[in-house]
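Take a look at the structure set out below.
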Amino acid sequence: MAEVRGVQRVLFGDWLLGEVSSGQYEGLQWLNEARTVFRVPWKHFGRRDLDEEDAQIFKAWAVARGRWPPSGVNLPPPEAEAAERRERRGWKTNFRCALHSTGRFILRQDNSGDPVDPHKVYELSRELGSTVGPATENREEVSLSNALPTQGVSPGSFLARENAGLQTPSPLLSSDAGDLLLQVLQYSHILESESGADPVPPQAPGQEQDRVYEEPYAAWQVEAVPSPRPQQPALTERSLGFLDVTIMYKGRTVLQAVVGHPRCVFLYSPMAPAVRTSEPQPVIFPSPAELPDQKQLHYTETLLQHVSPGLQLELRGPSLWALRMGKCKVYWEVGSPMGTTGPSTPPQLLERNRHTPIFDFSTFFRELEEFRARRRQGSPHYTIYLGFGQDLSAGRPKEKTLILVKLEPWVCKAYLEGVQREGVSSLDSSSLGLCLSSTNSLYEDIEHFLMDLGQWP
């Protein structure tokens, strides 16, 4: 797809570097003379002090791609302003997806939670540098719409099956079911139109069950874990953030990270900077040494000492599996993003050295379609909570848990926000054109996939 609505396709990497150099956006600027490190303003869109300038760079990307203003829709100023406010979250989602998908930028600092100056700091990847050669241009030019299953596409990193002997919970983890999530992603308007990412290369017969497609690990590292230089960065793989991870000590956020690998392991070690493994990707519990409450510090440290050799998460087929290897008990549940309503699954103990499925993506998408069709009263839950050392069913508020890990699959969050935006737009007939252009076809495809798998009621 070379053009969108008559607008020549723009390569995100080149476009962003030009915007950083332009000096037209407050807070978007280079941080060194070599122009290899820059900052992007990143205010949370739920804040009350949000204004138009906070979404300026995200809107600019939508305009550059011909996604805004909507073609064929002329609204008076008050309605146009309201429509723009509704679209801001989508602009930010698309910008974030494109930023992660190019493979050209490495997140160095996430200061988005700063109450005064929320921003993120990125560095140009040393493997690619600041220039763009023909190969890189071709990679950014390819659309995910060219990577449909008819080309023999494999599940790739999202659907890795490295350990073939692992027991699966149901026959749905066949090759057809394994392709469900990938196909849904490929039909996504967000990914197809905005990411500028690559198709997964076809595999030779017989490789489907064993191939694990490596991601550029350094591009997903956080400050708590030093970034090793990848030996062979696989820049042709879609670099979508698999999980947003938040670690809290008794309600206090101590780490926010993005896991972009199909396997990760939660570890604790005072010597965390010495960790150099990238398979599975490590997520290191921060030291509780700075906690002001000495009693809390003592018990938190005691629990963390028994996490080793770790808690492993792995994406296998359409399910997320957990394996607890340490002595510290871990309880899990799936609930609402803020944990304010009852969980959709009762809190359960993760048995030690036993693979346990804790989330099913195909179930989420089926429930999401039911929610969209108004056959379901509430939106499906996708936030996974892991309580270390304390039973989540004890009735205490989650912010009282000594060690709590919150996992949010990025793709679930993006799809739910898209459906919610669609629902808002559909209440006003004059703004129907503002809906995501391919939402209907997307959900028709999801319906077909679910019916083919025998999952449709």
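Any Cβ shown, glycine's included, is placed from N, Cα and C.
It should be emphasised that the depicted structure is a prediction, and the values quoted were computed from it without experimental measurement.
The DNA-binding region feature in Swiss-Prot is assigned to 9-126.
Per Swiss-Prot, N6-acetyllysine is recorded for LYS92, and the stated evidence type is similarity to another entry. Secondary structure at LYS92 (N6-acetyllysine), as computed by DSSP, is helix.
Residues or ranges marked as region 'Necessary for the interaction with NMI' by Swiss-Prot on the basis of experimental evidence: 238-410.
Annotation source Swiss-Prot lists ubiquitin cross-link at LYS329. Long-range Cβ contacts of LYS329 (ubiquitin cross-link) within its own chain (separation 6+, distance under 8 Å): LEU349, LEU350, PHE388, GLY389. LYS329 (ubiquitin cross-link) falls outside any helix or strand according to DSSP and counts as coil.
Among the features that Swiss-Prot reports, SUMO cross-link is placed at LYS398 (among others), with the record citing similarity to another entry.
According to Swiss-Prot, the feature SUMO cross-link maps to LYS400 (among others). According to its DSSP assignment, LYS400 (SUMO cross-link) is helical.
Summarising the annotation, Swiss-Prot assigns phosphoserine to SER425 (among others) and lists a curator's inference as the type of evidence.
What Swiss-Prot lists as phosphoserine is SER426 (among others).
The phosphoserine feature in Swiss-Prot is assigned to SER429 (among others); the stated evidence is a curator's inference.
Marked as phosphoserine by Swiss-Prot on the basis of similarity to another entry: SER431 (among others).
Annotation comment: Swiss-Prot describes SER437 (among others) as phosphoserine, evidence class a curator's inference.
According to Swiss-Prot, the phosphoserine annotation covers SER438 (among others).
Annotation comment: Swiss-Prot describes SER441 (among others) as phosphoserine, evidence class a curator's inference.
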Euclidean distance between Cα atoms of LYS92 (N6-acetyllysine) and LYS400 (SUMO cross-link), Å:
32
Round to a whole number and give the Cα-to-Cα distance in Å for the pair LYS92 (N6-acetyllysine) and LYS398 (SUMO cross-link).
29
Specify the count of other C-beta atoms within 10 Å of the C-beta of LYS400 (SUMO cross-link).
12
In the DNA-binding region (9-126), how many residues does DSSP call helix, how many strand, and how many coil?
49 helix, 20 strand, 49 coil
